[in-house]
Amino acid sequence: MITDDDIFASSSPYEPLSMSAANCMDDLLAAIGYNKVQSNDGMAHVPQKLDHQLQTTATMANNVNAQEGTSFYNVASNNAVVHYNYPNDVYTWDQTMLTNTNNQNDTTITNSLPFTQIPEDPLQFHILNGNSATDLRSVTETVKSQVEPHSVHTRPSGVTEDTGVRLVHALMACAEAIQEGNLDLADVFVRHASVLASQQGGAMRKVATNFSHALARRIYGAYPNEPTSPSLSDMLHVHFYEACPYLKFAHFTANQAILEAFSNATTVHVIDFGLKQGLQWPALMQALALRPGGPPAFRLTGIGPPSPGNNTDTLQQVGWKLAQLARTIRIRFEFRGFACNSLSDLDPTVLDIKPGESVAVNAVFELHRLLAKPGSLERVLNTVKRIEPEMVTVVEQEANHNGPVFLERFTEAMHYYSSLFDSMEGSVNNEDGALSEVYLGRQICNVVACEGEERVERHETLAQWRIRMGSAGFEPVRLGSNAFRQARMLLALFAGGEGYRVEENDGCLLLGWQTRPLIATSAWRVGGGARRY
């Protein structure tokens, strides 16, 4: 346990089809119901929405011939993106982006987090892969070395439009062949999709490349042999936080709900189901410090996976940094960290709930992972009910990637991640953007390539979570209009907020890109108004 007073005393190889095989591929696509569509001669610009292509493809897959004048959308730009022709390479690329060669000595990374009150001692953490480690400069150089050799120039608009439509057709046909168990035909389509993806630019290329690699992994069984290091996952999480507003929105809206629940409390206790690098809590601590009448005592229980075998306790390192911040802003602070492989293993008796304190449970992008093992979510929610918190904040992806039908799940994922990648195009030229794409690419691979307990990215929609939470005995708490207004102000500070949308849905807040919601924040309490005191 850390208090503020303690601070003075962690497959099978394949080659892509050549372009000379395009006519043969068109015949294959047409034979299974995907009609070839020529690009419009009158289109002066290449539009920028894969989402529109997916909608068009779905229509044509239902044997509806494309009508003259229909517009299809894709992205073409000069942004260079990595393209690989061998399915196993994508795992190697992920690792080399994050690690140097095994001959390099271990180094410590300095990464700036929003602990602005203590700039002389920024948060440090290790990024480990086996016995090797790397730093951010090495990561950046590796990204450059991987991207530059594969740079391509933007194709003429007519060629790119037609290629973009055929690319979506190939990906959908591959997914359909996989669902039908025809892996030989799926192999043909994924090779062709790999070639077509290399001719695209911008978000279109990134999305298609990630989905092509995920499909190839499913076909060839080319999965990583070892689980991702928690340190690597945390690092990618940090870069995703910096590159786009989604995690900032999640933290802000959850914090606002917690602040409102604790408005009159003298001692508050937050139990974070996914502490990671503690990015959410400096802002809450500063808000508590400014509360009229003085700040309450603040207890934080952080839960995370066990640290790798390097004698480094990552949770305690984060706790020490937060304790330093608490001392700087004069808040009484106590931190306890618990490591467990799954939230379903958590024993509520170890959480040390004390009489008189107000309790909140926070789960940001954590609960959907429990759906991989039947009964795990129910056990965790029962644990939460035993704690009887004043507030439970839940943030989840607004998507349905947990359906039983692979083709439907694949199509939904294509829609969802095309919007995410499109929204991040403004940050592709820095290391945050590049590593955020790795962060999302790993999710895509899990959604598409994995099954059973290995498929943990089982995102569900707000409507589905309402049913689950209600069935478990929780009732919704409306997020106030103040949270809505301040969330919009937050987005205005991020690239002017252009393209992002905040909407209220029956007391919950959603953040989306253009017209598609992408994440949802909801607040809950134990049903019937039950309280311990």
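Any Cβ shown, glycine's included, is placed from N, Cα and C.
Owing to the predicted nature of the structure, the values given are computational and were not obtained by experimental measurement.
The domain 'Transcriptional factor DELLA N-terminal' feature in TrEMBL is assigned to 26-105.
DSSP states for the region 'VHIID' (237-302), grouped as helix (H, G, I), strand (E, B) and coil, give 32 helix, 12 strand, 22 coil. The region 'VHIID' annotation in TrEMBL covers 237-302.
If you look at the motif 'VHIID' (268-272), the same-chain residues 6 or more away from its ends with a CB under 8 A from one of its CBs are 258, 262, 280-281, 284, 288, 296-303, 351, 353-354, 357-362, 387, 389. Look at TrEMBL and you will find 268-272 tagged as motif 'VHIID'.
Per TrEMBL, the feature region 'Leucine repeat II (LRII)' maps to 317-349.
On the 0 to 100 pLDDT scale, the model's mean across the motif 'LXXLL motif' (367-371) is 98. According to TrEMBL, the motif 'LXXLL motif' annotation covers 367-371.
Among the features that TrEMBL reports, region 'SAW' is placed at 449-525.
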Who are the chain neighbours of the motif 'LXXLL motif' (367-371) in space, where the CB to CB distance is under 8 Å and they lie at least 6 residues beyond its ends?
273, 342-344, 377, 380, 394, 396-397, 402, 456-460, 465
